[in-house]
Amino acid sequence: MPEETQTQDQPMEEEEVETFAFQAEIAQLMSLIINTFYSNKEIFLRELISNSSDALDKIRYESLTDPSKLDSGKELHINLIPNKQDRTLTIVDTGIGMTKADLINNLGTIAKSGTKAFMEALQAGADISMIGQFGVGFYSAYLVAEKVTVITKHNDDEQYAWESSAGGSFTVRTDTGEPMGRGTKVILHLKEDQTEYLEERRIKEIVKKHSQFIGYPITLFVEKERDKEVSDDEAEEKEDKEEEKEKEEKESEDKPEIEDVGSDEEEEEKKDGDKKKKKKIKEKYIDQEELNKTKPIWTRNPDDITNEEYGEFYKSLTNDWEDHLAVKHFSVEGQLEFRALLFVPRRAPFDLFENRKKKNNIKLYVRRVFIMDNCEELIPEYLNFIRGVVDSEDLPLNISREMLQQSKILKVIRKNLVKKCLELFTELAEDKENYKKFYEQFSKNIKLGIHEDSQNRKKLSELLRYYTSASGDEMVSLKDYCTRMKENQKHIYYITGETKDQVANSAFVERLRKHGLEVIYMIEPIDEYCVQQLKEFEGKTLVSVTKEGLELPEDEEEKKKQEEKKTKFENLCKIMKDILEKKVEKVVVSNRLVTSPCCIVTSTYGWTANMERIMKAQALRDNSTMGYMAAKKHLEINPDHSIIETLRQKAEADKNDKSVKDLVILLYETALLSSGFSLEDPQTHANRIYRMIKLGLGIDEDDPTADDTSAAVTEEMPPLEGDDDTSRMEEVD
């Protein structure tokens, strides 16, 4: 490979050299890379090899429709050439190359969208190894190089050289060196303390670690010495050449020459007499070794691949530092042929549900040729955490994004991928420990799938895990719940809320827990959306215990008692409804309360208190929806509670008792809070509570206080009793 080794000494003739300034953000990024200490500088080689691979992908892709593009060089490969004498490491590829405009734009004057984002990430403590994800991997060369020269030849342009020592500017000139044919050569002039990257062992280690599955041969060229047995004539020629090199050392040069001549004659005589006489000399040669002989892993038989190999491939594919959690390797044959390798990561990325960010988690190949890596049509959004490759035999190689959207083949591939992902999750669920890790990270995705994917809703519902009133610290499946249901239980009961403790202590679950009925605790906001779509499981309806019309398993005697209570408290319910007016739709006797005097439930198709809270938190909420979805509140009273019984007696004794009205409003507002709703006017409620505290402490309401401001506040407080003009209770909305 003489052309690669010679080009480090480019002849600097009088050709025109143009100087350009780096775009501000790029200059800033380079300064950051050069002036900050990073321990894992080795990633520069991964990034440059990755860029070479992309360039080779491009020329291969173009050659599929126009084979003449490869006339400038049929072989597609990457060569690595370390040169210890010149302290340079050269990366050569026979990819698409760059035109002069490409050189100027791509390497310096036009900032990539990721430049700023990467700098912000770096300053926030991100790892330098993430550089490739932001599209600025080339600049990682300056981690180890003081100067970088890029020589490139594109089919449509002349050969150009780009050079920069990162001082805020770079030069571009026509290159008059060795013609390349086509491709790009990146020459790194290494810093004095970075010569380890010229060592054969170190280069092999980095390529194996980061670039083992690159689809093109990566060949390392190393100059080595070996012993060679030669006859004395050849040895003499070799010695003569060495003498010429050492002409500066002239001391006693004549004597050895005379001796040599004599010895030569003697040797010739000996040689004629004894031809077996040989001599060993050191010979330099260039050793070529292909570093990535492993073929694309997804084309191999899954039975022949070890978990370590899958792990290595996963890391090279995703740049993840952790191993994958689970893997699915399969091929589909028949009318449609494709192979796929899918991985579940150990943890969810921090921006998993950022819609604006295009995910590039599944790479699409067609007959081993890379096509694209952010193909949104390949997998539904709720599975956007799955990483891997899909290699199709049937898609056309020159397929565009628009064609992909219409492609029936892609729809079939997508359907198969979803099916296999669900199989993978079901297999994972058999390993309790690993499934727990998976569920912690990706439960939201499963629930989003239930909301969005009606076809696979049943399978996805089997993957759900929840805490329940009977499960303690373990999460259980809906199937587990069904196996523990009581004989006469027809429904699956659930409650939604913010935390496990909050829902466990809720008034709504009192009677269910007393009767030994298990209640599912749904404590993630997405659960509200999930149960809107998941109406039933294995023929059992899912019923919210916070909504009206709760049916509990009860015998005839219990039903009779309940009817009697309804009749007894019918009058109180009517009085309370008249006092609360439009605040509630109706007041009824409850069958769900044990220790609480009352609670607020919502209509069957309205929002729960938790959903109302979630919707109020939406910045872009639709207030018209809020109006009709959140308005339907029902007050349920506990007929067995002493407060309610005393209130009934008080109301029946005197229908116009003002304290009844005050107490009903106080009960309603307290029930709102305990049922998870928010108060429209918390201050008035607070004043009412302070007044109750005063009564409890025996402080007379009319006592003048030392502080005038306190007196003013006291005057504003609504009295517990009084006529229509003075009672503020009536004004509370």
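Cβ from N, Cα, C; glycine included.
Taken verbatim from Swiss-Prot:
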- 230-246: compositional bias 'Acidic residues' (COMPBIAS)
- 256-269: compositional bias 'Acidic residues' (COMPBIAS)
- Y314: phosphotyrosine (MOD_RES)
- Y493: phosphotyrosine (MOD_RES)
- C599: S-nitrosocysteine (MOD_RES)
- 9-236: region 'Interaction with NR3C1' (REGION)
- 225-279: region 'Disordered' (REGION)
- 272-617: region 'Interaction with NR3C1' (REGION)
- 285-621: region 'Interaction with FNIP2 and TSC1' (REGION)
- 285-733: region 'Interaction with FLCN and FNIP1' (REGION)
- 629-732: region 'Interaction with NR1D1' (REGION)
- 683-733: region 'Required for homodimerization' (REGION)
- 701-733: region 'Disordered' (REGION)
- 729-733: region 'Essential for interaction with SMYD3, TSC1 and STIP1/HOP' (REGION)
- 730-733: region 'Essential for interaction with SGTA and TTC1' (REGION)
- 724-733: motif 'TPR repeat-binding' (MOTIF)
Integer Cα-Cα distance in angstrom, the residue listed as 'S-nitrosocysteine' to Y493 (phosphotyrosine): 17
Neighbour count (Cβ, 10 Å) for Y314 (phosphotyrosine): 22
Y493 (phosphotyrosine) and Y314 (phosphotyrosine), distance between Cα atoms, whole Å: 42
Residues that sit under 8 angstroms from Y493 (phosphotyrosine) by C-beta distance, when 6+ apart in the chain: L512, L517, E518, V519, I520, V543, V545
Per DSSP, three-state class assigned to Y314 (phosphotyrosine): helix
Local Cβ density at C599 (S-nitrosocysteine) - other Cβ atoms counted within 10 Å: 23
Mean of the pLDDT scores, which run from 0 to 100, over the motif 'TPR repeat-binding' (724-733): 41
